[in-house]
Amino acid sequence: MAQTDIVSPPAKAARSGPDWVWHAENIGSPVLFTLGLFLVWEVGCRLFNVPESILPTASATLAALWEFRVVIFDNMIVTLWTTLLGFALAIVIGLLLGVAVGWHRAVYSAVYPALIAFNSIPKVAVVPILILWFGLGTVPAILTAFLISFFPIVVNVATGLATVEPELEDVLRALGAKKLVVMTKVGIPRSLPHFFGSLKVAITLAFIGAVVAETSGASKGLGKLMLDAQAAFQVPIVFAALLVLSVLGILLYAITALIEQRFTGWAHRSQNH
C-alpha cells in the first residue's frame, strides 16, 4: 500500500480540498497578482507623469500590442521558431552528452572542465562570431539559443546518472546485468526528474539567447522588432514585445511542467505525506 501511495498521481493527491479552492490558489492568485501589477504600473506612470519615452503606461502598451498585432505576431512566429529549434538541438546534444558525462568517469574528467569553461563565456560575446561565420539571419539565433540552454541539460542529466544509489547497481550486477542494462533500467529512469527539471530552465534561457541574437544581427524576430522600435522611439512597441515574450515563456514553461508531471509523477510525493 505504501508503494501505491508513492506512485499515485501527485496532481490528484494535491487537491485535498474542494476544486474551487484549488482553482483559486493555482489560477486565481496568479491572475489577480498580474492584474495588480498592471494596475500599479498604470497608476504609477500617471501619478508621477513618467514620459512615454521612458516608461509607457500599461494601457499604452496594450494599445500598441493591439495596433501592431500583425507585425508583432509575424515576428513572434520567427522568434518562437528559432527558440524551439535551438531548444530541440540543446535537448538532443545535452541529453547525449549528459549521459556520457554522467555514466563514464573518464568522460566526466575530460569533458566537464571544458563545459564549465565554455559556460563561463558570456554568450553575448559569441553572437558576433556566429554572425561572422553564418551571416545575418536565423542561424545565429538558433545556435545562440542552443548554446545558452544546453548546459543545464548536460549538468542535470549527468548529476542524475552520477547519483544513482550504488546498492541498486550492485543488485543488478549481482543478477548478471550488463552495464548498459543497469543504465537503461536504473540510471536513465532515475535521471528523468533531473532532466525534465533542467528543461524548465533551458526553455527560458533559449528565449533569452534567441532574442539577444536577434538584436545583434537578424532580419526578423521580436528582438529585431524591439531594436527597430527603440531606434524609432516607439517605446510602447518595445514593451508590447516584452509582454509577448513573457507570455510565450510562461506558456512554454507550463507545457514543459505538464510533460514533466506526466513522465515523472512517480518521483513526486503527495503533499499530504
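Backbone N, Cα and C define each Cβ position, glycine as well.
Remember, predicted model here, so these are calculated numbers, not experimental data.
Annotated features in TrEMBL:
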type     : residues : note
TRANSMEM : 20-41    : transmembrane segment
TRANSMEM : 53-72    : transmembrane segment
DOMAIN   : 76-256   : domain 'ABC transmembrane type-1'
TRANSMEM : 78-103   : transmembrane segment
TRANSMEM : 115-136  : transmembrane segment
TRANSMEM : 142-164  : transmembrane segment
TRANSMEM : 192-213  : transmembrane segment
TRANSMEM : 233-259  : transmembrane segment
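At the 8 Å Cβ cutoff, the transmembrane segment (142-164) and the transmembrane segment (53-72) share fewer than 3 close pairs (sequence separation 6 or more) and do not count as touching.
Taking every recorded stretch in 78-103, 115-136, 192-213, 233-259 and counting its Cβ pairs under 8 Å to the transmembrane segment (53-72), the highest total belongs to 233-259. It is 192-213 that, among the stretches 78-103, 115-136, 192-213, forms the most Cβ pairs under 8 Å with the transmembrane segment (233-259). Only residues 6 or more beyond the boundaries of the transmembrane segment (115-136), in the same chain, are considered here, and those with a CB under 8 A from a CB of the stretch are 101, 143-144, 147-148, 151, 154-155, 209, 212-213, 216-219.
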